[in-house]
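Participant: Sharing a structure with you now.
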Amino acid sequence: MEEVNSEYQVHSYGGEKWRDSRATDYLSPDFGCHQDDIPNEGFLFSKYQLKEQQEEKILDYELLNDTRVDIDSPPLETCLEEIAKLGEIPPVISDVEAKKKKGCPISLAALELLKNYGGGVKKMKGERVKEPCNDKTSNEANKLSTDEILRIAGTRFIQSSSQPADHVPSMLSHPFESSFYGLSYEESKDVELVELLLSCAEKVGCEQFERGSKLLNQCYQLCSNSGNPVQRVVHYFCEALRERIDKETGRNIALSSLTQQQFDPDKAMMTLNAQHYAFHQEVPFSQLSLFAGLQAIIENVAEAKKIHIIDLGIRSGLQWTVLMQALASSHESQLELLKITALGTTSKHLIEETGERLSSFAKTMNIPLSFKILMVSDMSHLIEDLFELDADEKVAVYSSFLLRRFLSEPDQLESVMNVIRSLNPCVMVVIEVEANHNSPFFVNRFIEALFYYGALFDCLETFMKRDDENRMISESLYFGQGIRNIVATEGKQRKIRHVTIDVWRSFFARFGMEGAELSSSSLYQAKLIIQKFSCEASCALDVNAKCLIVRWKGTPILSLSVWKFVKY
């Protein structure tokens, strides 16, 4: 925590103060940047954009809280449809009959589902050629990404689905097949590992727990929490499958799993711990969303003398140190008061510590700061009168990975949004995970989560060493907890219910909210961060109906959107 990144400095608090020497350069109300000034190559959209999910897309908010148990779902058909969506090629046969005890016959046309499995990778007569790129994320030109491994494994899973039950052909015993894909020995092992995992998930989805356990034991022999990204992500999906099997069969859950279940990632993020700090410093997503989002707030409150920020989940408060530096550096600022209201339901002492840090930092910046804590036992108890609003202040609402927590509690989410609408903020910035982990069908969620977390593990491989302690803790506690919750739980226990920006857009429309265009300066902030991390070939920016989508090697990771309330 004492270490300082040369470009973005954050000290742990004690006698030290947070300080960001570059924030004033990144965030300036008078940035002077126009769309024409931004090089086009900085905004290359991924050519592997996901198709609109016609069957999974939820237009009615009531379906956001779908807690149905999925034991009667058609698992193999669902799996094939989900893989098809990820591969951007629609299934040719939509009425494939799934059978629980026998293999399901699959059309040969399904082999084409994942033919375009990698960004810039071409298959021809056993040779693989990757398009040239100069950034540091392409330093191993002939190495397949985790996403590409998953797509190949998905293709082979479809091929082998017509084979007898529990039959998983080995690439290692068929070198010709391996050379056809142009795979190395390690990549062949990784493909086989993922195929085993998919077969195991299918058996679990069909409630064939004994067969699933046998396949799971084979996976355990090949995966590792300290190996390459494929081996690591499979390891945590294996743990989640084991927990689901144990729950369904009444077996005792391992003590380690119980301990991990008690870990609360959201509570842990309320302090600037070593893992949070390392992820922020070494991986681009946190800084990218922070700087681009704060730029949108600054542009909407730049001329205000009194600014009121309502943070729905303040966590460590790091984002507001950056905002204060940007405001302090503006020569046009006539700021008389910056008010921050932190909304919370638990851990008031941690929010108080955050307030103390921010107050100390504000003094160093000569910023007049008023920090208020608004605690409610339940978000359904939130009312407008609890906020101390002044008639001459501009209100901005900031929500970073917060609204997703209430998808399993729709009444609370409705209450929050109704109160926000009554506050009439000039802008609301929302940052959320861009994935569909809310399907009532187990296999659907499994496939979506596998590709999403596979991209995250791939990203950590790029920026952090394999034996990095912070990386291993982050994967085990933060990512591992998310995987377990998505895969091993159902009903109200399933708290991780990410939905896509299309679902959020339909939901926000009910409250008179319209998406606002991201300015060229906000987009420029995002582009600067990508350049700073030298990951232009892997980290792509996409604009979906005014919302910014951040992708890693084609897989959507997060969305950043700006909203305003329409006055009728």
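In case you wondered, yes, glycine gets a Cβ from its N, Cα and C as well.
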Participant: If you check TrEMBL, which stretch out of 89-121, 254-286, 353-385 is marked region 'Leucine repeat II (LRII)'?
Facilitator: 353-385
Participant: So which residues does the region 'Leucine repeat II (LRII)' (353-385) touch in its own chain, when a touch means Cβ under 8 Å and the partner is 6 or more beyond its ends?
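Facilitator: For the region 'Leucine repeat II (LRII)' (353-385), the list is 13, 17-19, 270-271, 314-317, 320-321, 324-325, 327-328, 335-345, 406, 409, 411-413, 415-416, 419, 422-423.
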Participant: Restricting to the motif 'VHIID' (307-311), report the mean pLDDT as a whole number.
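Facilitator: Mean pLDDT, the motif 'VHIID' (307-311): 97.
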